[in-house]
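Residues or ranges marked as NADPH binding site by Swiss-Prot on the basis of sequence analysis: T28, G29, S30, I31, G54, N57, N135, E137, G214. If you look up Swiss-Prot, you'll see K136, S160, E161, S185, H208, S221, N226, K227, E230 marked as 1-deoxy-D-xylulose 5-phosphate binding site. Residues annotated as Mn(2+) binding site in Swiss-Prot, with sequence analysis given as evidence: D159, E161, E230.
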Amino acid sequence: MAGGPHFIRKNGWVDENRPTRVLLLGSTGSIGTQALEVVAANPDKFTVVGLAAGGANVELLDRQIRETGVSSVAVADPSAAASLARPGVLSGPDAVTELVRTTEADVVLNALVGSLGLEPTLAALESGARLALANKESLVAGGPLVTAAAAPGQIVPVDSEHSALAQCLRGGSADEVDRLVLTASGGPFRGWTADRLESVTPEQAGAHPTWSMGPMNTLNSATLVNKGLELIETHLLFGVDYDRIDVTVHPQSIVHSMVTFTDGSTLAQASPPDMKLPIALALGWPHRIAGAAAACDFSTASTWDFEPLDSQVFPAVDLAREAGKGGGCLTAVYNAANEVAAQAFLDGIIRFPRIVRTVASVLSEADEWSAPPATVEDVLAADGWARERARQLVKQEG
């Protein structure tokens, strides 16, 4: 595996004689709230030492502060921070990164949404804490900067698919891996024609068939951009070539990923769709947390279906593969262009299929960004260029 996996470690960073200290970034989002439930259910294993949020849900954040008793808090929105009326709250665009640098934690769970999580991710790695990574965009955007900053085993994925791969890879060595297989539910529009997608509304795109997620992740799942991001994340985490990473549609979302080994055997990780399982595993890695989620019930009849992805109707995965192979900052361009186009759809400016078309158009003009980034500023420059170009294309569409 080129570059080597960044998650495999036989012992963790933590002192097992005391609860693991968790710093939670993105505490008011879907992953963040579920992580707090995992912590609350296991007070002998985990304790929260800090919270960070964007500021969109101040009432929830205030309640979380009261319930956890933390004094280390960061809020990106200064007005939201002021409304908390609590002393010592860090605020502003650099507040979350500052919180990471000034809070002693064993595990930093980055559940922020979007590429704004890049600098907190790098700060967490620099601190020496284990990084439980739900913010896939920071890895996709930062690419080699993130993997170079990580010690072996320092990054543990929270995404269910990558958590599944990490578990399956315990069953073999790196040189025995033939292919990695990511599963996708297919989203709410599985089986739809391209023409039918023209009429999709934001409300329809926000109804995921099997998972409960935040609005942007749900939309990204509907376009299959989320699976494209996960494809890139898989390559970066596990060092497997893009041509050896497959995507298959599995509507039930029970099998989360599979690993095929060179002897022809395939290991799969299966569990009912519940993010508390990969969250608990990432917080406690390499140990499992008893009762983290319900298990599969094999006493009743059930069917697990697998089918090929229709890449003609949903080209986002192929685009991600091309961006990844292109190298440099092209994956950052892919992510940034999507964030702009996806928001434009949610705002009613463009139609649903135009999201991925905008990403494709921006990538087609992005050859100058194929050089490997030397600094965070290089990534931010590519990100900024892609956002501006996507805005121009969206404006033309509108």
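Note that Cβ sites are derived from N, Cα and C of the backbone, with glycine treated the same way.
Checked against E230 (1-deoxy-D-xylulose 5-phosphate binding site), the binding-site residues T28, S30, G54, N135 differ in C-alpha distance, with N135 being the nearest. Comparing N135 (NADPH binding site) with D159 (Mn(2+) binding site), their Cα atoms are 9 Å apart once rounded. Local packing around the binding-site residues K136, H208 was summarised as the count of other Cβ atoms within 10 Å of each Cβ; on this measure the leading residue is K136. Neighbour counts were taken at the CB atom with a 10 A radius for the binding-site residues T28, N135; the maximum falls on N135. Candidate binding-site residues: S30, N226. Fewest other C-beta atoms within 10 angstroms, S30. E161 (1-deoxy-D-xylulose 5-phosphate binding site): 27 other CB atoms within 10 A of its CB, across all protein chains.
Secondary structure at E161 (1-deoxy-D-xylulose 5-phosphate binding site), as computed by DSSP, is helix. Among the binding-site residues T28, S30, G54, D159, G214, the ones whose Cα sits within 10 Å of the Cα of K136 (1-deoxy-D-xylulose 5-phosphate binding site) are D159, in sequence order.
Sequence-distant contacts (6 or more apart, same chain, Cβ under 8 Å) of G214 (NADPH binding site) comprise G29, S30, I31, V113.
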